[in-house]
Each structure stands twice: as C-alpha cells, then as structure tokens.
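Novice: After the structure tokens below, expect a handful of questions from me.
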Amino acid sequence: MGLPGLRAAAGALRRACGPWTPHLGPRLLCLHSMAGNGEAPMPVGTKQEQNKKARSGWQGPTRIWEETEQQAKKLKSSEDGEQQRKLPKRKIVLLMAYSGKGYHGMQRNVGSSKFKTIEDDLVLALVRSGCIPENHGEDMRKMSFQRCARTDKGVSAAGQVVSLKVWLIDDILEKINSHLPSHIRILGLKRVTGGFNSKNKCDARTYFYMLPTFAFAHKDHDSQDETYRLSAETLGRVNRLLACYKGTHNFHNFTSQKGPHEPSARRYILDMFCEEPFVREGMEFAVIKVKGQSFMTHQIRKMVGLVVAIVKGYAPESVLERCWGEAKVDVPKAPGLGLVLERVHFEKYNQRFGHDGLHEPLDWAREEAEVTAFKEQHIYPTIISTERQERSMAQWLSTLPVHNFSATAHAAAGLGTKAPSSLEGSDGVGDSD
C-alpha cells in the first residue's frame with residue numbers, strides 16, 4: 001500500500017472512531033483483520049451497522065468508559081472490604097471497670113431498650129471502633145462473647161473480665177474507650193487460647209462490700225449517727241462471724257432460687273473478712289471482702305445482711321448454723337449499692353498456659369494502678385455520695401426489726417419478699433450475686 005492509501009485509511013478511521021483523547025487513548029479499536037490480498041483495511045461503522053447498534057441499545061465508546069469506571073469502583077470497594085476481613089480476628093480478654101449506678105446489671109437484655117445494661121454500651125463501642133462487624137453486635141454469639149460474672153442492677157466492678165473474638169486493629173484500647181462513657185473503662189487486653197471462655201475458665205471471684213460502719217452499731221444506738229466509729233472489739237466480732245462462711249456449705253437460705261436438696265446450692269467460700277475502717281467526708285466506712293468459686297443471686301448481700309443483723313442484736317449467732325440446714329430461715333438482704341466485683345481468678349489457666357511462651361498469665365499486675373485509680377475516681381465516690389443522698393443503708397437497717405429469724409418458709413413468704421427478675425442479673429447458677 002502506498003502513502004496515499006495509508007492516508008485514506010487513517011482518515012476513514014478518524015471519521016468512524018472519533019478523535020484521539022490523550023489521557024484515555026483511542027476510544028474504540030475498529031479495524032478488521034488485514035486482508036491477505038494487500039488491500040487497505042475497510043473502515044468499520046457504516047450507516048447500516050450503526051443503525052443496528054442503535055436499535056440494540058449500544059451507546060458507543062462513552063458507555064464503555066462509564067462501565068469500566070463503575071467496575072473499577074466496585075473492585076476498589078471489594079478490595080477495602082477484603083482488607084478488613086483479612087485483619088487478624090483473635091480470641092482476647094478485656095479487663096473492664098465500671099460504675100453500675102443507673103444500669104440494670106452487666107448482661108445485655110436482648111430486645112429490651114428500656115433497661116440499659118453495661119454490655120449495651122460496651123457492644124456499641126466495639127462496633128463504632130471497628131473491632132467487630134455490626135451484625136456481631138446484634139448477635140453476641142457470633143463473637144463468642146462471655147462475661148465472668150453477671151453483676152446485678154447497680155453493682156459495680158473494678159476487675160470484670162470478658163472474652164470475645166475481635167479484629168486486632170491498631171490502638172484498639174484507645175479506640176474502644178473513646179466510644180465509652182468515663183464511668184466504663186477498658187483497662188487491659190490479653191490474647192488467650194482459641195477455646196477460652198471467661199466464665200468457665202474462672203476459678204474464683206473476689207467481691208467487696210463497702211458500707212458505713214454505723215451498720216454495726218447496736219440496735220439501741222442511733223442507726224443514722226455518722227459520728228459512730230467501729231471499735232476493735234466489734235471489728236473482731238464481725239470477722240469471727242464472717243469466718244463462719246468459709247468452706248463448703250449449703251447456701252440455699254441465701255438465695256431465693258434454690259431448694260435445700262439442690263446440689264448447686266452448695267458453694268465453696270475461700271475467704272471472707274472485714275478490713276480496717278476508714279473515714280471519707282466525715283463518715284466512717286469499712287470494706288468486707290469475700291472470695292469464692294462462684295456465687296448465687298443475692299448470696300453475698302444476704303451473707304452481709306445476716307452478719308449485720310447478728311452484730312446489731314436482732315438475731316442470735318446460732319442462726320448461722322441453722323442456715324445450713326433444710327429449714328427455711330428469713331435472711332435479710334443488704335442493699336446492692338456497696339457491692340463491687342473486685343477481681344476474677346484464673347489459677348488453673350495460668351498454670352497451663354500462662355508461661356507457655358505464647359500467652360500471658362491473666363493476673364493484671366501491670367494494670368493494678370489503673371484499677372485502683374478507677375475505684376478512687378468512680379466507684380468509692382459514687383457509693384459515698386449515693387449513700388448520703390439516698391440513705392439506702394439507714395433505710396434498710398430500719399427494716400431489720402420486722403424480720404423473724406426463726407421463721408418457717410411460710411412466715412418468710414408473708415414478708416412479701418419476691419424472687420429476682422431476669423433483669424436483676426439472675427442466672428440460677430451463680431456468678432451474679
């Protein structure tokens with residue numbers, strides 16, 4: 001083909017395909033195969049062929065470019081989603097501290113927005129921080145979520161531990177906490193084995209109960225006297241009574257959910273004692289600590305309530321021995337305000353995995369200072385201010401005279417005590433108090 005023939009072919013291409021666009025290149029390749037007889041290639045896009053394409057909905061090279069652009073966007077979106085899915089999703093535990101005032105316990109009440117719980121705020125923060133997908137927040141089983149203890153309405157925690165599977169994003173603790181209120185904090189995170197379950201692997205739980213010491217004043221003393229100070233003699237008697245709970249006993253009288261013949265009513269208490277009192281804002285307080293394998297609903301509050309009733313002179317010491325028997329004993333339940341889950345224990349897990357070179361022991365020694373600071377900033381002040389404003393302990397003490405500590409089951413029922421609802425953290429097998 002000579003030069004004139006090439007020029008003619010180029011002109012035909014320009015007329016058929018449109019002008020060249022530098023940043024896109026030629027819009028459409030429209031050459032047929034070169035004929036073997038040496039003739040110039042014939043231009044494509046005759047009027048008859050263009051009419052046929054128009055009838056079929058073909059819109060030319062512009063549509064080709066738009067579809068290509070859309071595919072590129074879809075590909076980019078797919079790549080972003082794939083990158084998120086490729087983030088490590090691992091089983092971890094979170095160390096939590098929270099003030100329970102204003103919440104209906106720890107455990108989430110699925111389908112109920114009226115009764116707000118600690119887990120409602122936690123799950124929302126996990127979703128917003130990008131640790132879990134949104135559908136995991138709707139169904140917590142998808143992230144294998146489990147808590148060590150179901151704390152009741154108004155009960156706080158300084159060392160709650162939950163286990164779950166998350167995406168290990170950068171700065172994960174800071175991001176979760178940025179979406180939580182100041183009275184709920186995540187203080188620590190550790191990797192655990194894939195089959196770890198915080199409730200099942202927990203060997204023991206330690207709670208403390210903070211109360212004004214005028215609760216131990218004799219019944220003839222003014223029950224609201226803030227100037228009362230606990231004597232060493234009275235503190236010694238309190239600790240002697242608390243020590244009676246140690247060991248394995250049938251605690252069916254310390255919960256409304258168990259009968260005397262139910263095996264699960266038998267619980268093992270490792271230790272229980274009252275610490276030296278201290279003064280805050282002119283009022284003296286004391287802290288009772290109890291460590292046990294697990295606790296039934298309201299068990300700790302009833303254990304404290306009975307000792308208070310004995311020390312004040314409303315009940316004889318012999319009532320403790322009768323509580324272990326089959327007969328129903330009317331045991332008063334102390335207010336929930338002062339109860340705090342202090343720490344949970346994983347001795348067996350730590351012995352097996354804590355020093356295997358892959359996992360850390362779950363002892364939280366490094367986080368101890370933050371735990372103490374949270375108690376001083378959020379838990380103790382809430383208990384003290386609420387006690388001053390609502391007088392919950394003083395009001396409860398005024399009800400002790402109506403209790404009959406030699407009552408049968410029928411007499412106790414006449415006092416109008418009711419079984420706790422599920423919204424109060426009842427789970428029937430403990431770990432909730």
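Glycine is no exception: its Cβ is also placed from the backbone N, Cα and C atoms.
Bear in mind that TrEMBL entries carry predicted annotations, made automatically and left uncurated.
As annotated by TrEMBL, region 'Disordered' applies to 41-62. Feature annotation from TrEMBL assigns active site, nucleophile to Asp152. What TrEMBL records for Tyr207 is substrate binding site. If you look up TrEMBL, you'll see 245-347 marked as domain 'Pseudouridine synthase I TruA alpha/beta'.
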Novice: Enter the number of other CB atoms within 10 angstroms of the CB of the residue listed as 'substrate binding site'.
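Specialist: The Cβ of the residue listed as 'substrate binding site' has 26 Cβ neighbours within 10 Å.
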Novice: Quick one: Cα separation, Asp152 (active site, nucleophile) versus Tyr207 (substrate binding site), in Å?
Specialist: 13
Novice: Roughly where does the domain 'Pseudouridine synthase I TruA alpha/beta' (245-347) sit in mean pLDDT, to the nearest integer?
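Specialist: Reported value for the domain 'Pseudouridine synthase I TruA alpha/beta' (245-347) is a mean pLDDT of 96.
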Novice: Just counting, how many other CB atoms are there within 10 A of the CB of Asp152 (active site, nucleophile)?
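Specialist: By my count, 25.
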